[in-house]
Each structure stands twice: as C-alpha cells, then as structure tokens.
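In what follows, a single structure is set out as structure tokens and then discussed.
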Amino acid sequence: MAVTIQQLIEWKKQGRAIVALTAWDYAIAHLLDSVGIDIILVGDSLSVILGYETTLPLTIEEMLHHAKAVRRGVKQALIVVDLPFLTYQESPQQALRNAGRVLKETGAHAVKLEGGYPAMTATVAYLVQAGIPVMGHVGLTPQSIRQLGLRQQGKTPEAGERILQEAIALEQAGAFSIVLEHIPHDLAAQISQKLTIPTIGIGAGSKCDGQVLVTVDVLGLSERQPPFAKSYTNLSEAIVQAVQSFATEVRDRKFPE
Ligand code: KIV
Ligand code: NA
C-alpha cells in the first residue's frame, strides 16, 4: 500500500522505525521503492550528483526535472522534494508558487524546507492551509552553510532549547514530519518524545522516529561524506573496476568476442 502522511504518524505511535533515503533519478528511485523504503526524498543533496560544491546553486527547474524522474520510478513510497535555496525564503507566496509547481508538475507528495521559528512557521502554515504537506528540517541546515558551516548544531543548552522550540513551532504550523540533522543525540531524543509528528534523524542518534541517509553516501559514491554517514557498499570501486575491465578488453580486442 502507498505510504501516506497519516501512516507515518501511526507508525510513530506504534514505535515502528521509519526508513528514508534520497533519490535523484528513475533507476535509483525504482530500486529503493522495490525494497520498500518508506520515504524517498529528492533532497537538494542532488547537488552532489550534479557536481556542485554546496546545495546553494541548485534551481527549481533542476529539482523539478529530477523529481519527475523519481516519481516515474515509485509506486509505494511517499515522495518528498526539497525546495532549493531561495525558492521559498522570500515570502509564503513565493513558497506556495514553487511548492505548487512541485506537486502539480512532478506528482510528488510533499515538500521539505529548512528553518524553524520564526523564519519559516508562517510559510509552513501557508502551504499547509493550501493543502501541501510540508516536512520541516532543523539543526544543521546546509542551505545556511555560509552562516553555520557544517558544524553540529544545538550544543549549548540555549541552542538546544532554540531547536526544540523551532520543532514545536513547526509541528504547530502543521508540518507532518521534521528532519533533525547533526544535533546532540539526547536533544533529538527529547524533541522526538515531545512531538506527535515523526522526527527523521540524520546524525541525530537512534532515538528519532526514523532515519534518513544520503544515498550517494550509503552506496559509497561520494567523494567526501559527513562523519555521521555510513556506506553499506563501495560502488565507486565497483564502477571503476567494471569500466577498467571494459577498456582493457576493448584495447586488447577481447570485446566483443
Ligand atoms: O538533501 C538531502 O539529502 C537532505 C537529507 C540529508 C535530509 O536534506
Ligand atoms: Na536537503
């Protein structure tokens, strides 16, 4: 059965861990969906695949292009699409225009945006009242890399309290779930306990309601990866070996036979 936002909240109540991964095209999305991944995120970590240094240059057109490909590969998972940098921060109206494009043009189910209270709560409420499901994202927010770097957030009691309040404000604004990125594990546990909506952690410890990783990291395709990522295979190595074998066979006139 197709995953819904109501289902996610039900799974939180039941203590069933939610599994999320990123995807950037049809082929990857189809494989993830066939395994039964619950949430497929067309994250702006797509920037890695496109060769950008940060998530900042990514455009709404690029995002739509990849989200459409992902949509074609998915039957079950809930598809969430990141709104790129400066496609939603200007005003709730700008956010609605671009989030609307995501739902109407790609067939994805929800959008994700970074930031909490006070910056984003009015925007989240505006999208939700229009019928657009929104996933929040607090803690380390990579679109703020020029302000924050990529350091862990919420380390002092005051900073931790601020992130907790942001998460509460996002839930009150109507977000259906929140990503907690690179924050102390006890803080993530506290937030997860406080909220009714599911938290999806990345670098936030085991007490979140679900976990997400960037699939290029999981597959060993990234040139550098954050300390909290985990590779479950090394596709870079496998690809190099396969391509070398092909090149050698062609040069030795062994392929085709
Ligand atoms: O862009 C992305 O991949 C993300 C995840 C790390 C949550 O936002
Ligand atoms: Na992202």
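Each Cβ is built from the backbone N, Cα and C atoms, and glycine gets one as well.
Automatic prediction, not curation, is the source of TrEMBL annotations.
Here TrEMBL flags Asp44, Asp82, Glu114 as Mg(2+) binding site. Under the three-state DSSP scheme, Asp44 (Mg(2+) binding site) falls in the coil class. Within 10 Å of the Cβ of Asp44 (Mg(2+) binding site) there are 26 other Cβ atoms, across all protein chains.
The 3-methyl-2-oxobutanoate binding site feature in TrEMBL is assigned to Asp44, Ser45, Asp82, Lys112.
According to DSSP, Glu181 (active site, proton acceptor) is assigned to a strand segment. Residues near Glu181 (active site, proton acceptor) in space but far in sequence (CB under 8 A, at least 6 apart, same chain), listed by position: His137, Val138, Gly139, Leu140, Thr141, Pro142, Gln153, Gly201, Ile202, Gly203, Ala204. Under the heading active site, proton acceptor, TrEMBL lists Glu181.
For the recorded site, Glu114 (Mg(2+) binding site), the DSSP three-state label reads coil. The 3-methyl-2-oxobutanoate site is set by Asp44, Ser45, Asp82, Lys112; from the centre of their CB atoms, other residues of the chain with a CB within 8 Å are Thr22, Leu41, Val42, Gly43, Leu46, Thr55, Val81, Leu83, Pro84, His137. Ligand 1 lies within reach of Asp44, Ser45, Asp82 from the binding-site residues Asp44, Ser45, Asp82, Glu114, judged by a C-beta closer than 6 angstroms to any of its atoms.
Of the recorded residues, Glu114 (Mg(2+) binding site) and Ser45 (3-methyl-2-oxobutanoate binding site) place their C-alpha atoms 13 Å from one another. Candidate recorded positions: Asp44, Asp82, Lys112, Glu114, Glu181. Those with a Cβ under 6 Å from ligand 2, in sequence order, are Asp44, Asp82.
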